[in-house]
Every structure is written in structure tokens, then in C-alpha cells.
Amino acid sequence: GYAFKPPPRPDFGTSGRTIKLQANFFEMDIPKIDIYHYELDIKPEKCPRRVNREIVEHMVQHFKAQIFGDRKPVFDGRKNLYTAMPLPIGREKVELEVTLPGEGKDRIFKVSIKWVSCVSLQALHDALSGRLPSVPFETIQALDVVMRHLPSMRYTPVGRSFFTASEGCSNPLGGGREVWFGFHQSVRPSLWKMMLNIDVSATAFYKAQPVIEFVCEVLDFKSIEEQQKPLTDSQRVKFTKEIKGLKVEITHCGQMKRKYRVCNVTRRPASHQTFPLQQESGQTVECTVAQYFKDRHKLVLRYPHLPCLQVGQEQKHTYLPLEVCNIVAGQRCIKKLTDNQTSTMIRATARSAPDRQEEISKLMRSASFNTDPYVREFGIMVKDEMTDVTGRVLQPPSILYGGRNKAIATPVQGVWDMRNKQFHTGIEIKVWAIACFAPQRQCTEVHLKSFTEQLRKISRDAGMPIQGQPCFCKYAQGADSVGPMFRHLKNTYAGLQLVVVILPGKTPVYAEVKRVGDTVLGMATQCVQMKNVQRTTPQTLSNLCLKINVKLGGVNNILLPQGRPPVFQQPVIFLGADVTHPPAGDGKKPSIAAVVGSMDAHPNRYCATVRVQQHRQEIIQDLAAMVRELLIQFYKSTRFKPTRIIFYRDGVSEGQFQQVLHHELLAIREACIKLEKDYQPGITFIVVQKRHHTRLFCTDKNERVGKSGNIPAGTTVDTKITHPTEFDFYLCSHAGIQGTSRPSHYHVLWDDNRFSSDELQILTYQLCHTYVRCTRSVSIPAPAYYAHLVAFRARYHLVDKEHDSAEGSHTSGQSNGRDHQALAKAVQVHQDTLRTMYFA
């Protein structure tokens, strides 16, 4: 297909006051030499990278005299090998045999080497200085392999990061998991220079420990002695969910620590689990695992009442008693962390900006790339100081309120408040109900009465008067009572505007309230935690009002019209799009794509579209239909056809820019043409990324903001650490509260509207101030944030009462075999809800 090429950077931004920053990018000095690229083929294939690296290391040693001499080749763990001097093998394929001393017996591998190409670093210099149109990908890949070769041998690589268990101190998370600290490293092209991006990071790993201890952690036993009888069904299911897919090693064969992958946990204990055993006579008998271990390994099991692990391939019937297995070290946890684990993780890893800066500098000193023999072999030098870069702090927009005084708020450090201000368009609430799902003894009628009074007072002040007492206020229990109660409300009270639902902490009731309210009956619902009813604060009540007003069709505030950038001179629609994927380990659940579109000129109100699509599919499959719906809705709301479409796309990684742009830009165009054959609004396609490792720090201590010492809200960078030729920028639009702020990265993949840098940066920053759920600037533009909320809400709509709890299904991770149509129907929002911001 025809490749769309992202536009060149139009200019550099100049708006705002300048600020001196340091970025965690380290300049690389790269010689203008050629690098020699060889392809390796290792047989048997499918070895883990770690093993491949060992093979190559042995090969280089063993064939030093014949082939490698003093060269120090670097290897990517798969099939790419690079050298600084050509190998004396010409263009022919060379076949070698390499022996790895193994556990028990040696393993023999066949390796073939063949020359692929010369990678010119001169071409890279030309691209970075803008003399060549695009940066050659294979050069960056080669440099990346050089920089990673040594750390890959020393540490446990995960993606682009390296981890190692903390020396001396462990950071347990519970449930058999612990925190490992490490660092991210990637080679990035920037204007004039290659940069090494280095950041500290942390992730959850499984603790290397006996499986018996793992069981205790997962099932909350003080010790295994508490469990004298077989596991119950629910215990076994929970344990299976945690251990399935992990690697274990056996301890009962001396030095032969064979490793296996767990595919299941047996229903029967080791004393009863049988398998077909071939006897010497040739006939097979059924033998129990416990008996086999006694006869074969002279091992009397201590815990014959516990189940076995089924390992290897399902059909092979290999069973291991728990007590002879250990969890293999260095396995990253890809399953979702529990809430407790997540908060423990954040406590262990959140660092104020200055602390993080110091840690990164410390890391650079200990990594000491300039003494790395492989890096030196290729003549590369890395500066050990962070890169200085000049940023700009943009002016925040003024925020216009309504009511009598039409007050104007001016954000300071990304924050403003509603004191003495009224909603731009407040909704009068006449008919409303309360449904309390918290137990009456904990959340008493006195609590409810005082909560109602406080809420009404705050709502009056905010210009969204709740007139009169609720028409209905009853207690209820359990998710099953939601449907009948809501039906009764809808049928009994004409003109019912809102149901306030009080919840006792985490509960399946929430998912059911949203399923019934959003998709079945089309009723506006506002949930409140019991603790916020028992003791109210002006802050929580005010936040509730922000959400309620919007759900009922109100407008909380708008950008001051005369302060908006020129793009607003013609009708423009803002679209936000996101795809969310199910947590890892759920093979069957669908991905959810959401697209929202602005419905007024402020822009304040948004309309949502949502679809289920194939598991882990990154591209929005049904985008044309979704955009079409939004354009029609925009026309109905405003009586205008947008002349411009500004599309903020979240959740795309760099490797997918091309694919996503190609498919989705065409889809947006198709949506327009299908509405009217000559309808061709200008499209600007911007990818928003939060998941990257660029961190910015204030050079001047006096510029640091707040306890966490972060850069000020509005800090923008579009030089030195950004792309050499394309249109991208960093913008930190929010005030960092905890840890180190991540500036969001914006990459313009298409622009029919010919934005200047200033205009697009200011527009983006202003849109970060239009998020209705709080009176602060958020980290990404409101439309992108809303798309995320819509997809997140759809996850709740998919929760199946019969099978899942909202926290995750305890069936074997499938969407209970519901077919695509059923899932599609489940996320379809009710007609009456469609035009409201139900997701707020």
C-alpha cells in the first residue's frame, strides 16, 4: 500500500517563558565507520535468548583463532550479529558446531553465519543533520544492539529494560511477587545527535522460592502445616490462576535442575493422581504420583494430600508434586497486580523529581558505558551528563464560568477552584432518587439525611440547584436487586433525572448499576462511596457536582472564547480515540476501542462511540462507522459541518505508527466521503503517548514545583531531544503531585491543516483544561482522556454477572464463550444515554 509520510516540523515554538531543563538523554558520539551485519541461524531453533547468547559467547571463544581474532561481536539474542571489522568469511555461509556444557549432559548446536550488509554510520550523520530525509532504521537497530550487548549478559532483560533482584534487601509484594529495580535504555535519534535515553524503572517479578511457600503466599497460609487436608475447589482455582504459565525447576534429581512450564494444577492430590507408567515388561499400569516417587526416587512425599503441577504439554501427562518444585528466578509478573500490590509498588518506587534525577545519574556512573569493551570496540562514546535543553512554559487559558457574575478562573500551577463561581450552564434537578447499597447499620438514615443536606447546599452554590428532597430513598442489597429497583424507579417517577447510588467499598454492584443504567434503561446514575456519605467534605461534594451536572447535560465551564487559538474560527470537531486491552493472561477477552467527538464549539460536551474488537488488536477496526456517527451527531448538535477534524489518538507505540496511520486516516476520510461525496475536511492526526521514558528536570532549583520538585504545568519541549525531522513535542500539562511527572509526547502523523508549532501546542494545552471531572489541567487532552474513560466503562458493561466478579473472572479467563455479537450488544449504550456524557 501507499505509505503516508508524516509531515516535516513546520517551525519551532516560541510561545511562553523559557525555562532551563535537563533531560535524561545522554549524547552519543558516533564514528563515521561502517558496521558489518551478519545473520546467525542457530539449530535447534526456539532457544531462549539467554541460551542463544551463551552459544554465541562460546562460539566466539572457540573459533577465535580461525574466525574472530580479537574482534568483539555484539549479538541481539535472536539472529543478528554485528562486528566493527569484517569477518574473514567472505560472502559465503559458514557452518559451525558449538558445544554448551549442560546440566547433566552437553548440548550441541549448529550455527551458521552469513554476511548480510554494511551498515553505514555516515548515512546516520547525514540523516541527523537533516541532509537525508529519514533516519535509517537498521542503523539505529545496530547501535541499540551494541549498547545492549553487555547489560543483556549481566541482567534480566525485559523489553527495553534490564532488571536485577535487589542485593541484600527484598521488596515483597505478597502473593509470591516482589519488586525488582532496573533501568530502561534505548537509542534515539534527535536533532544533530544520537541520544541514549536512560531511566530508572521497577517491575514485579515472581519470588524464586519453593512452590510450597508460593502456595502459602497465594492462599494466605501462615505455614503449610495449617493445610492438613486437600485444597478446596476455590483454593485450587485460585492457586491455578496464579501458577499457570510459570516456569518451575525440580529439586529431586541433584544437579539436574530441569525446568518445566506449568500448564495446570491437578484436581486430585498426589496420593490419588495417576498416570500411565510403562513397566519393564512393556505393559502399562496406572500408578499414583506419590507411589512413583517412593519407588523411583526413594522419596516419601511429605504432602501427598496436596495436588500436583501438570507441566509441559497438556496431552503428555507429566505431573510433579509441589514439594519437589521451585519457582524459577527472574520471571516477570505480567498478570494484573492487586490493588494492595499496586499501592505497595507505588510506595516502593515513587521518587520525587530531584531524587529520580540523582538516581539516573548514579546509574549512569555505575553503567559506565565508556569502559564497556563492546561499546569501545565500535568507537562509541557516551556523555555522562544529562542533556541541557531549553523548554517553554505556556500561558494557561482562562476558564469562564456562568451564573450571575460569569466569573473567570485563572489556573495557577495547573489548578483552579470553584469558590464563588457557578457552572456555565447549571442544570436544575427536580426529581432524583437515592439507592443505598451500603448496610443500614453502617450508613444510617441520619448519614443519608445530612449527606443530602450538604449536597444540596453545595449544588446550590455551584449553580446546579437540587430542588427538594429525593422522591425515593431506600436501602437495597446485592447486584441482583439493581435491575428490579431501577425498573420500578423508571416506571414510577415521571421525569426522574438522577439516581444517586451509595456503595460499600469495592463491590460487583457498581458494574451492575452501570450496566443497567447505561445500557439497559438509559438512566443517569451517580455512585458515591459510603465513606464519603458518612463524612462529607466540600471537596468530595463539589467533585460529585462536577460529574452530575455534566451527566445531566450541563456545561461546567468553558475556555474563554477570545483566548482560543485561530483553529476555532471555523467549525472544528475534536476526536479522541483509544484502544484498551484486557490484562495479560486473559487470552479470550476482547479489546475495546472507543472514540469520542466534541459536540459544541467550546469544546465542552462530547459524545461517545465504542466497539469490541479482536483480542489485542491495536488498530481501530470500525473507525469509519464510529467517526461517521460522531460527525452526524455534531451536525445535529451544532447545525454545522466541521471543516477541520483534529484527531488525538492514544495508545499507539512507535512501531505501529505506519500501520495505524494508514488504516485510520483512510477510515476517517471514508467516513467523510460517505456522508457527502465532496466533503473533505482537513484532518490533523496526532498520537499521544504517556508510556515512554523521557523525564524532564528543572536545572534551577527555584523553578521546581511542590513537594515532588517537578517541572511547572505547561512546560513544552520541541528541540534537541525531539525527532530530527518530524513534527513532535513534549508537553507536561499537569502539575505533578507524586513521583516524577511524565510529560506527554505528541507526534503529528498527518496534518492537512498546516498548524504552526505554537498553535498546535497551545491548542493541546488548552484542551487539557477542559476535562470536566476536576478543576485542574490533566496530563492528556480531554478528548483522549474521555476515550479512555469510555473504554474503561465498557469493560464494566462486559462484566457478566453469572460468571465474573468485576475484579476478574474466575472461570478460565474466557468471556464465558459469549460470541462477538453478544459482546457487541453488551457494550452498546442505550439510546437515551448516547447523547449524554455518561462516562464522566
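Numbering starts at 1 and runs along the chain as it is shown here.
Just so it is clear, glycine is given a Cβ too, placed from its N, Cα and C backbone atoms.
Look at Asp650 (divalent metal cation binding site): DSSP puts it in a strand. Sequence-distant neighbours of Asp650 (divalent metal cation binding site) (same chain, 6+ residues apart, CB-CB distance under 8 A): Gly576, Ala577, Asp578, Val687, Val688, Gln689, Lys690, Ile780, Ala784, Ala787, His788. Per Swiss-Prot, the feature divalent metal cation binding site maps to Asp578, Asp650, His788.
Across the domain 'PAZ' (210-329), DSSP assigns 38 helix, 38 strand, 44 coil. For 210-329, the entry in Swiss-Prot reads domain 'PAZ', with the evidence type sequence analysis.
As annotated by Swiss-Prot, domain 'Piwi' applies to 498-799.
The DSSP secondary structure for Ser368 (phosphoserine) is coil. According to Swiss-Prot, the phosphoserine annotation covers Ser368 (among others).
What Swiss-Prot records for Pro681 is 4-hydroxyproline. In the three-state DSSP scheme, Pro681 (4-hydroxyproline) falls into the coil class. Listed in sequence order, Lys641, Pro642, Thr643, Arg644, Ile645, Cys672 are the same-chain residues at least 6 apart in sequence whose CB falls under 8 Å from the CB of Pro681 (4-hydroxyproline).
What Swiss-Prot lists as phosphoserine is Ser805 (among others).
Annotation comment: Swiss-Prot describes Ser809 (among others) as phosphoserine, evidence class similarity to another entry.
Positions annotated as phosphoserine by Swiss-Prot, on the basis of similarity to another entry: Ser812 (among others).
As annotated by Swiss-Prot, phosphoserine applies to Ser815 (among others), with the evidence given as similarity to another entry.
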Using an 8 Å cut-off from the Cβ centroid of Asp578, Asp650, His788, can you name the remaining same-chain residues around the divalent metal cation site, in sequence order?
-> Gly576, Ala577, Val579, Thr580, Ala594, Gly651, Val688, Ile780, Ala784, Tyr785, Ala787, Ala791
Arithmetic mean of per-residue pLDDT over the domain 'PAZ' (210-329) | 96
